[in-house]
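**Q** Quick one: the structure is below, and I'll ask about it shortly.
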């Protein structure tokens, strides 16, 4: 019989024992098991394998064996895969759909039958982790966290390990800080450390009786954030020389990587240091004494800040402020030399004469930086040195002293031979002969000795002055010099010329910024001399030749043209008409009207949660009344200045205060004031000091509320962390409220970290994909903000437990098949039905190596291409959701069609008849391994613009 169902015995004799066989007492014995079958797990999809279920019994006479599967007798021979070997059941190529179940061995002889214990044959499997990337996670130093493994579908239970960054760097216990759950596979961290940052992989292993398989997940990037800690510090005091450079080093640990910021606590950080003011090394090149002071390095990130301070002390080598110079001094007179030097420490000064130290004695007075020698004698001549020194070095200043003795001599410096002078003006005639000791000097005109009068003065140093010159003063003038060594004289001629006069003087002018103006200047002069014009503005000489300037001179006359006048060109302009003997001048004032200058003295008063009061002083109106003010502001976290809302909205030009409204609480702001008049807006004021508004309770709820996913029994809630400008105060955190949909009460939890963006609620009683109502609000030191709108978030999905039915596969071509199935009910998929997965493999391949195609959505039909011709394929369909795939459907098979004919048509010929072309070819006969010919494809081309030709097939 081929019936494998269990059969009920029809007699009291043991089944399979003839009625004539009788158990002989004392000689025969019934079966007793020595080996019984044990349960086994066989890898699903493994081909060419075997399972052996053992069964051995001691009996006399020897026992025979039978086997039952799920209570039905196994009939050997009906299925060649079942073999009985000495009582053992050997199953070749076990199959999940036919061989799963409970097996029992029956040992039989004429004394009776015994039944073994049941042994279950089960099929183990471990699907792959989903190919999608895992979301990164953030932890905080000192706090605990966990990483979800989310293993794929499997049987039996898995063992779990985790490795970090690269295999096989497995996570070690580390004194109980790490724990890997062998139930869920999750990795738990009791206390996060900064060096825990890395890429983590869940490593799963399944052990079956004849094989072991391991796979690992996609990486989960874990970032451990920690507050900065400065580890590289500069000295408490750094000594450096002026003119040299100084470097301060500062480096901090932390995550995110801390940013560094340098500041000078006593004053403003030098502009030359700003290029490195945000790096670990602050370089101060070309030091000066303004760089001295206390410096601070601040390391900061989103988790906190750390600071360190140290002082730079600038010292300097001696540097001359005043030096000696060579001196030629008359005998019996007095010498006075001074030396001044700067340096830190303060330099000391000493004196040398001809290399020997010089001190106070007799006619010599030495006082630090001063040397005085009275009643000079010839022996005082020589080389003198002033030495300034401190611990950083010494510097020398050298000078030669020559004590002179000489009779008066005009050869090197005679009186000027020709001295021109303007009529009505003043003339100065010098008399400087070489003589030692100092000679007596007097002047004569012809034979007339000149003495002091209302128009003539002879100064003690021999200079002759003549005032209000007229033509009568023209003539020869002689200077006489005399000392005890001799006499000498020198003569010059005074020539009187016409005076220079301004004939057209510049007039005062008044222009708007950007306009042009011409200041006129004409003059008359002595025709025997050249006349030149120069202009000054507020006493500063103007260069009218330099290109690109606002000033131009007109040719041949003295007019000054001012082009595109700016506020800086306002002032007093003076025209000078010059000859070699005199100068005539005339001045005019230029007023330039323009936009107002920047307001000054901007201060912030009485800041509260959302407003501040600003006060300022009026700047220059630049000759056009100020009509209004604008207030600009920016926060510490923005770079762009924007117009602020003020009270009053329009600030009149005579105002010097206003209120700024609609500010964010607990934010740092700085402000500028801009004045305007009819000619435009001026430069903004210097920014105010950065101020912080007072704290207040949050006024908006966090956004981006959502979630879902995760491991079984988890509800994951996510949101977008609140930006700094909406936190409104410190001690900031989040309050979450959630409940099952339509439940009466809310569960409320606090999440105290400002950077948090997710919360995981774990409850073993949670149903898969259970809808929850969720809302969130923010809180800080001052109170709580409003709740957000309620969002619906589902608990974690689980793998589907159902499989599609009525699978069919039809070959469309040699390379493509079409698979269809009946849809499954959504409520049975433990989540959102994402689609279906089609697995297909060739007849002699393992199912574990099957190729896969996924559909998206609710489609119940799909095409699979890229197959081999004339090949049998096994096909099964699975349901999948975000947690994984469900069990496979019963498999079906399909054979792809034969390939198309490989040979092209031959003997192609054509004939042209008017507008017709007749094409002929030999028919193609398909080979046995090719599909039948259904028709032919004719391809042709034609020029653009022509109508497509008609094709008639016969």
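Quick reminder: no glycine exception, Cβ is built from N, Cα and C everywhere.
Below, the features straight out of TrEMBL:
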DOMAIN    31-122  domain 'Ig-like'
DOMAIN    130-216  domain 'Ig-like'
DOMAIN    228-313  domain 'Ig-like'
DOMAIN    318-402  domain 'Ig-like'
DOMAIN    408-495  domain 'Ig-like'
DOMAIN    500-587  domain 'Ig-like'
DOMAIN    598-696  domain 'Fibronectin type-III'
DOMAIN    701-798  domain 'Fibronectin type-III'
DOMAIN    803-899  domain 'Fibronectin type-III'
REGION    1-21  region 'Disordered'
**Q** Counting a contact as 3 or more Cβ pairs under 8 Å, with residues at least 6 apart in sequence, do the domain 'Ig-like' (31-122) and the domain 'Ig-like' (500-587) touch?
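**A** These two segments do not touch.
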**Q** Give the one range among 408-495, 500-587, 598-696, 701-798, 803-899 whose Cβ atoms make the most pairs under 8 Å with those of the domain 'Ig-like' (228-313).
**A** 701-798
**Q** Based on Cβ pairs under 8 Å, which of the stretches 318-402, 598-696, 701-798, 803-899 lies most in contact with the domain 'Ig-like' (408-495)?
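**A** Per the Cβ count, the answer is 318-402.
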**Q** Looking only at the domain 'Fibronectin type-III' (701-798), what is the mean pLDDT?
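**A** Mean pLDDT for the domain 'Fibronectin type-III' (701-798): 93.
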**Q** For the domain 'Ig-like' (228-313), how many residues does DSSP put in helix, in strand and in coil?
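**A** Output for the domain 'Ig-like' (228-313) reads 9 helix, 48 strand, 29 coil.
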